[in-house]
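I have placed the structure first, in the form of structure tokens, so that the comments after it can refer back to it.
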Amino acid sequence: MAAPALRVVRVYLDGAHGLGKTTTGRALAAAASAAGGPVLFFPEPMAYWRTMFPTDALSGILAASARRAAAQGGRADADAAGLVAYYQARFAAPYLVLHARVAALLAPPEPAPGGDDVVTLVFDRHPLAACLCYPFARYCLREINAEDLLALAATAPLEAPGANLVVCTLPPAEQQRRLAARARPGDRADAGFWPPLRNAYALLANTCAFLGAGGAWRDGWDALGWADADALAALADPRGGGREPVPAPALRDTLFAALKCRELYPGGGADLPAVHAWALDALADRLAALEVFMDVSAAPDACAAAVLGMRPAMRRRRADGAAGATLADLARRFAREMTPGGPEAAPRGL
């Protein structure tokens, strides 16, 4: 007799670096015996970035970013921007591979006969971190250009129903304190990067809420102001108040408003080219599939307990009963291969 179908909860812990996501994910995995079924943790793919290939992607992107910072303002130098975008794509690759592998194990969403067993998959970041949020922060800093950002965003994967994104956040002063405390060679813990990254995640949460409420980027696009150099500089300014998730976001509160730039209108034309509109349509489709939960991070054990408390409200996806063992093996192999020196030796994350 075939094993009863499983109900799979997919949880993506995300947000700016230095918030304790990795530690929280391990705390969740340690809670595998908690009510609600086993928890499988997929850590950050640090080895893929740093040791699996001759070039270290983290060192590479830091060097490319420094090269861009040494240049003058305005559009990023094409060569420097291309190098930053190349390394950013390297960061995305293992997330996209893992995402595709897990998606292949999920069954269609029709109700399953019987089978109340639940398995929770916890991922240290969603592919959107590398395809959209970090690139968006780099775009605000003028490390990459609009064409680079769109190219990276276009690689964001289709999302099967049942994806739950937990955006971890902290008050700006506390986040800055933690980043300063954990700074080490190879970290991107400078004070200039976290403000636009924090804003990227706030805008992401607003965008998902806007789309989830039935909003459409095409409605009101023409009335939006231009996201010019001053607007991007404001998103990158650590002295600003920053953007925050809002209860009922409008189009102006979303990533789409920050993407309305003159670079998308070649030759100064008045109409958005269809290919760019299609790219924004595709991005909207992917973001609309996410259920977003906000988490004001505390100690990792408290965060893990909070995430477990959210689990009953999270979306689920059916999988064949036989997929349970496959998912467990996948989690073990991914953790073993992606953690330099073993799970206990890994850096805390980007």
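Using N, Cα and C of the backbone, Cβ positions are placed for all residues, glycine too.
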- request: Have a look through ARG138, ARG142, ARG177, ARG178 and flag the one Swiss-Prot assigns to the ATP site that GLY15, ALA16, HIS17, GLY18, LEU19, GLY20, LYS21, THR22 belong to.
  value: ARG178
Query: If you run the three-state DSSP split on GLY15 (ATP binding site), which class comes out?
result: coil
Message: Around the C-beta of GLU44 (active site, proton acceptor), how many further C-beta atoms are within 10 angstroms, looking at every protein chain?
response: 26
Message: Whole-number answer please: how many Å between the C-alpha atoms of GLU44 (active site, proton acceptor) and LYS21 (ATP binding site)?
response: 10
- request: Using GLN88 (substrate binding site) as the reference point, find which of the binding-site residues GLY15, LEU19, ARG178 has the shortest Cα-to-Cα distance to it.
  value: GLY15
